[in-house]
């Protein structure tokens, strides 16, 4: 299918043809042309998408980098633990050499931590014997990789052995997620540090309220992340690009296959998924990005343009007019995707962080330093307006 567009994008006049092959939909071919090139009628929908995207992306281009939360710093451990980042990255290179799939597990763990109570390591906490259920037991977190928790704890042990107990588990997880993106082929970027670890965990109800389900449509995703996390449409689409690596179990998308196939899903993809997930409640797993499942790139968005998004929450980003153009731009321009992903990750990684004297530096990532004292449920914090966390 050949479409063309002549438009202004962030102040630059562009005249570009986009070729999406119906026989080999793994590629989008971009060809810049003279400004007097003819524009076909079939390009109108794509043009509108691109112009809509420019209203989001150009506006954000004019803004500076995400502001840094008071208490965080780009050089927080420069004197106290100068080898921090090299310790983490060196070890993760060894881990990923054996199993690159762990990169997606660490990235997802960071997302699930930040979206619930903030980037303060509450998702890492185990329940003490006889104590209440933790965030880890909430349905959205049951599929988090156990190895990811173990990797974070191993990194903490290495860091604390070198520098002492001055680096939080929350910072270690944030750095591990950052390096997971880089070592899987994505962009290299800095993140501000200085987070402290939380003293409590979220209830199942709070966890469910803050982690949109994979069967949510774009409206639910946009409303939820705007209300709860102050993330805009560009942030939502960019962060969803984390699905370019990793795997999913059948239960997250089986509703798109049974009892009737979702009309927005590519038929070939659906047939292949049914081979792994032949019925409801199957136990199989599939890759999130059928093109480059272990490489962090923009092919996830190419998949959405070809109706090959795995989750409803993925595919609807291309169906919804508010986000369709952003998806299109990221599919065409990987550099732009990386730029926006980095900005959104820096923004997300500062959600409701604890700094200064708030929280603590845990001796073990899976437990607070209270020597077996039962963790207080977040219900009280909800009632008190999260006064202890802000």
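Easy rule for this one: first residue shown is 1, then count along the chain.
Glycine too: its Cβ is placed from the backbone N, Cα and C atoms.
The feature domain 'Plant heme peroxidase family profile' is assigned by TrEMBL to 71-369.
Annotated disulfide bond per TrEMBL: 81-163 (among others), in sequence order.
Within the same chain, residues at least six positions away from residue 108 (site 'Transition state stabilizer') with a Cβ under 8 Å of its Cβ are 144, 145, 148, 242, 246. As annotated by TrEMBL, site 'Transition state stabilizer' applies to 108.
According to TrEMBL, the feature active site, proton acceptor maps to 112.
According to TrEMBL, the Ca(2+) 1 binding site annotation covers 113, 116, 118, 122, 135. The 10 Å shell around the Cβ of residue 116 (Ca(2+) 1 binding site) contains 28 further Cβ atoms across the protein chains shown.
Neighbours of residue 119 (disulfide bond), defined as other CB atoms within 10 A of its CB across all chains, total 29. Annotation comment: TrEMBL describes 114-119 (among others) as disulfide bond.
The annotation disulfide bond is assigned in TrEMBL to 169-365 (among others). Just so you know, the Cβ of residue 169 (disulfide bond) picks up 29 other Cβ atoms within 10 Å once every protein chain is counted.
A C-beta separation below 8 Å, combined with a sequence spacing of at least six in one chain, links residue 243 (heme b binding site) to 288, 289, 300, 310, 311, 314. Here TrEMBL flags 243 as heme b binding site.
What TrEMBL records for 244, 289, 292, 297 is Ca(2+) 2 binding site.
There are 21 other Cβ atoms within 10 Å of the Cβ belonging to residue 277 (disulfide bond). Summarising the annotation, TrEMBL assigns disulfide bond to 250-277 (among others).
In this view, residue 118 (Ca(2+) 1 binding site) is surrounded by 23 other Cβ atoms within 10 Å of its Cβ, with every protein chain counted. Within 8 A of the CB centroid of the Ca(2+) 2 site residues 244, 289, 292, 297, the other residues of that chain are 245, 291, 293, 295, 296, 298, 299, 300.
Checking each of the recorded positions (119, 163, 244, 292, 297, 365) against residue 113 (Ca(2+) 1 binding site), the C-alpha distance stays within 10 Å for 119.
Here the CA atom of residue 122 (Ca(2+) 1 binding site) lies 27 Å from the CA atom of residue 250 (disulfide bond).
Residues belonging to the domain 'Plant heme peroxidase family profile' (71-369) score a mean pLDDT of 96 in the model. Each residue in 112, 114, 115, 117, 119, 120, 121, 123, 198, 201, 202, 207 lies on the same chain as 113, 116, 118, 122, 135 and has a C-beta within 8 Å of the C-beta centroid of that Ca(2+) 1 site, without being one of the site residues.
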